[in-house]
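Accompanying notes for the structure given below.
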Amino acid sequence: MRQFTHGTLLAILALANTISAIPSFSANNYPAHPAEPLALFAQSQPQAPLGLWTRLRNSVIERLWGVPPQQRNHRGGNKQYPFYSAPASLQARYSDDVVLRFRLQTADEVKALVEASNILFLDVWASTDEWVDIRLAKDVVPSLLGLLPKSLQTAHVPLIHDLPQTVYESYPSSSQRPTDNGRGFLPSRESSSDVTNIFFEDYQPLSVIGPWMRLLASMFPSHVQLISIGSSFEGRDIPALRVGVRPANDPKPRKTVIIGGGSHAREWIGVSTVNYVAYSLITTYGKSTPISTLLEQFDFIFIPTINPDGYVHTWETDRLWRKNRQETSLPFCPGVDLDRTWGFEWNGNATGDNPCSESYGGDEPFAGTEARQLAGWVKEQTEQHNVKFIAYLDLHSYSQQVLYPYSYSCLPRPPNLENLEELAMGIAKAIRLTNRQSYTVSSACQGFTASQKKVKLDTFPRMESAGGSALDWFYNDVGVKYSYQLKLRDKGSYGFLLPRENIVPTGKEVFNAVMVLGKFLLGSDGFEGLNWEAEFQRLNEADKPILDDGDDDEEEDGQDKNDDSWIPDEYKNDNDHDDDDDGWGLRRRRKR
């Protein structure tokens, strides 16, 4: 039985009472699966009587989640689940859209795609120097292809077969899943290398994340503090967790690391990963010498989402919303891109006076309310609270990249480029060793590495403006020596709609990356004997997401997964099977 005092238990239950007004998961909050018979998920074996701790814990879970943990529907392994079609509201919003991947060969192709995307106001999901993913309406496809050179008119492949269904399945189910071996919502005080908690079995709305953060701060007051970064445009609090053990009366500036996510509202995996890393450090302090040392030497600021308004909007209205929700000069095009509004090398001219652009950085530097709030908080901490920010991890998705400054241009060479690249390589290696996920490493401008003698001046044009990024502002204006943007899973099979089974694996990968960062920051000043590798989190079978291998080419639900009737015949690709074509594997991917 867990070693809790009666006072602690009562305090937890009292806290649960204060937050019992959290909305339950219902259609009022986001699209939910239809109600399912409880018997469908009933246990086949009789259950042993629940112990005192389990009953008390379940009481808290019921108050927090609105449903008993026994009714939670576990989704793992090869178990089959009932199939529910996306509701009419999602069909109406997304059924006419498609996500296309274009393979790039020349700079002229990129330039043509950039110009066409700007003309048609298209939503660029992700881009590398090899491919670009674009979401657009099916009836706009002919117009787009007509603006492109012939080499691109057939160099594309659909990424997601059924966008409304994939959007629908990214929301949590109303039939919650059972806990694993009695584990529940509350953090465990027992030592365990496996972070298993129902909080990470699904993506969570802001109405759950906020109380969860308060609960952590109340349970671990010795090294966790709930703080506020500021307020959003719509008046929501921007909460954060400060994790660390600062020595009393220490005159030296407190070295601090910021780990943030959710600048772009639809990138849910970044939000969940910030929470996962915070939870792992918080619950392991005092049980692990390396982690205890890390939290005694540094403070960590965890900001799950700097864009709470946009995040709420993705749960309540539009799952694929990117920007914040502030007003612009065009009432029908609200929102500013919070990663294009920072004051360093802000390039508002790149999007002109077009608030409808997905990368619109506002009409002036720091036009984005939430970015301005974070910048003000950082300045206040530095000038008034003796804080020195030494590292910044900005979590995004997708494309699996570790990016370092500069983003706005490839021409300036960061003064500590070799160290930036060395640490970035270590981060990518830690991720690869966790689950064999390959992350590329480069400057954010995708220009050059430290091993090159000079900048490549013939790099491809950028698909969108790269000025005004948080990455560059923290590095240049704040003096954060180790500033990175991590673009998390995946490489395009699901894009921003990454299935929930990836939450824990991605969290473990980034936690291990933070361990590498910590080791690097501590250096060799008396910390050589710490066994960092022993703290790495490993994946078990339950963590491994089910990946479509493309071996099943059968039609499902009476639909042809290769239906391309919306593509004009003259633009269709006749090369159905090219082993050297990246798109072939995506075309073969089984429909979800």
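FYI, residue positions are counted from 1 along the chain as it appears here.
Glycine residues also receive a Cβ, built from the backbone N, Cα and C atoms like all the rest.
Only one of Cys356, Cys410 is recorded by Swiss-Prot as the disulfide partner of Cys333: Cys356. From the candidate list His385, His396, the residue Swiss-Prot records in the Zn(2+) site shared with His264, Glu267 is His396.
Proximity note: of the listed binding-site residues (His264, Glu267, His396), His264, Glu267 have a CA within 10 Å of the CA of Arg322 (substrate binding site), given in sequence order. Counted within 10 Å of its Cβ, the other Cβ atoms near Arg322 (substrate binding site) come to 25, all protein chains included.
The residues near the Zn(2+) site, meaning same-chain residues not in His264, Glu267, His396 whose C-beta sits within 8 angstroms of the mean position of the site's C-beta atoms, are Gly261, Gly262, Ser263, Ala265, Arg266, Gly270, Arg322, Asp339, Leu395, Ser397, Lys487, Phe496, in sequence order. Of all Cβ atoms in the protein chains displayed, 25 besides its own lie within 10 Å of the Cβ of Arg266 (substrate binding site).
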